[in-house]
Amino acid sequence: MAINPHASSPFAALADELTQRRADHLYRQRPLLQSPQGPVVTVAGRTLNNFCSNDYLGLAHHPALVAAAREAVAQWGVGSGASHLVCGHQQPHQDAEDALAAFVGKPAALTFATGYLGNLAVITGLVGREDAVFADKLNHASLNDACLLSRATFKRYAHNNLTQLAHLLANTPARRKLIVADAVFSMDGDQAPLAELLALAEAHDAWLFIDDAHGFGVLGEGRGAMAAAGLDSPRIVYLATLGKAAGGAGAFVAAEAVVIDYLINHARPYIYTTAAPALLGAVTQASLRVIQTEPERRVALQAHIELLRVRLLAAGVALMPSSTPIQPVLMPDSATALAASQALRQRGHWVAAIRPPTVPMPRLRITLSAAHNTATVAQLADDLIEILRDLPAMPGGAAAPGDPA
Ligand SMILES: *Cc1c(COP(=O)(O)O)cnc(C)c1O
């Protein structure tokens, strides 16, 4: 008789679900890095060109940030010891908040240990049962989780569909209305129509919450998507994370002083958690200095984006409408996405295959960094073109290069 090793386990149902995930090519594992974050990393003993981190400016291992962390840890120690409201709010936290608010041109800012936590805090802090949130369908998972946790009425509009959003706003009885969108969509690389979203917020007396995790440091001379669009309004509540282009960790929300004060008083995910180590505040300040004094990093990044797109498009590879460092290539199914990622890895490039349920359509998600060198970006493009030739085409004609028309 065959023995099911899980039959007697109280977790047999979980094991069965994982087995099914494997069969569907949706099983996840964590690749183990044996090097610092950077354009070239060591993974499971192999050296690979890293095209899947969000370290867009190459700051994660920048000497100025490392030095700031080292000096701060010597002065402030490691643990903050308590939540911000009790006794964990230290001078480097406050200095980072002041610098961040000034940098993005808002009256006040508040920092969090992660972007996930920041999104939970802002949305659950600002809206509740009597209110409504209006969210883009492609928003980051942390925004969706925050909307659910807020208990506000949760309406999702089709990606960037302003007509549908206007209709939803016009037909809500809610006390407060909060529009929520990624500025740069994390898995697609395209951008929200910020001016139009702000106009709708004004027309319907709503608030606009923008998550600029992928724009901060990159767009608008580093000041982010709002600065790039030339938009400023007290209605805008702006959040950016500090673990991507900024090269450190955490996140901040910047807004009117009353909004920040309200969050300090009401946002449970801010109140009931231990403050991040103060050294991260020092890292944030160092990062802001580099973002402002080394504009050549954004110039290099932009050149890499253009090089990759021009080469791939010239070879007939279908790209998405993205001018950001996130350059996805759609795949017909999860198995093909994994095969393409594996084939790239054999050629020394690390590109993540992103699959459902993270995204509706499987894809390779290429991310570029200022720290890459030009020849490596060109090599990635050439290798990808060759690999796509041997893979099944996208249904509906998003053709692999070399496919008959
Ligand atoms: C990464 C990301 C977050 C979460 O930020 P963390 O600091 O990684 O927790 C939130 N929103 C978007 C759009 C993101 O891409």
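Cβ from N, Cα, C; glycine included.
The substrate binding site annotation in TrEMBL covers Arg28, His140, Thr358. A simple way to gauge crowding: the CB of Arg28 (substrate binding site) has 8 other CB atoms within 10 angstroms, across all the protein chains here.
The pyridoxal 5'-phosphate binding site annotation in TrEMBL covers Gly115, Tyr116, Ser186, His214, Thr241. Annotation for Ser186 (pyridoxal 5'-phosphate binding site): same-chain Cβ neighbours under 8 Å, separated by at least 6 residues, are His140, Ala213, His214, Ile326.
TrEMBL lists 50-383 with the feature domain 'Aminotransferase class I/classII large'.
Mapped onto three states, the DSSP output places Lys244 (N6-(pyridoxal phosphate)lysine) in coil. In sequence order, Asn54, Asp55, Tyr56, Ala213, His214, Phe216, Gly217 make up the list of same-chain residues 6 or more apart from Lys244 (N6-(pyridoxal phosphate)lysine) whose Cβ falls under 8 Å from its Cβ. What TrEMBL records for Lys244 is N6-(pyridoxal phosphate)lysine.
A Cβ distance below 6 Å to any atom of ligand 1 is met, among the binding-site residues Arg28, Gly115, Tyr116, Ser186, Thr358, by Gly115, Tyr116, Ser186. Distance between Cα atoms for Arg28 (substrate binding site) and Gly115 (pyridoxal 5'-phosphate binding site): 22 Å, as a whole number.
With all protein chains in the displayed structure included, the most crowded Cβ environment within 10 Å among the binding-site residues Thr241, Thr358 is that of Thr241.
Its Cβ placed at the centre, His214 (pyridoxal 5'-phosphate binding site) has 28 other Cβ atoms within 10 Å. Thr358 (substrate binding site) falls within neither a helix nor a strand when secondary structure is assigned with DSSP, and so counts as coil.
Listed binding-site residues near Thr358 (substrate binding site): none (candidates Gly115, Tyr116, Thr241; Cα-Cα distance within 10 Å).
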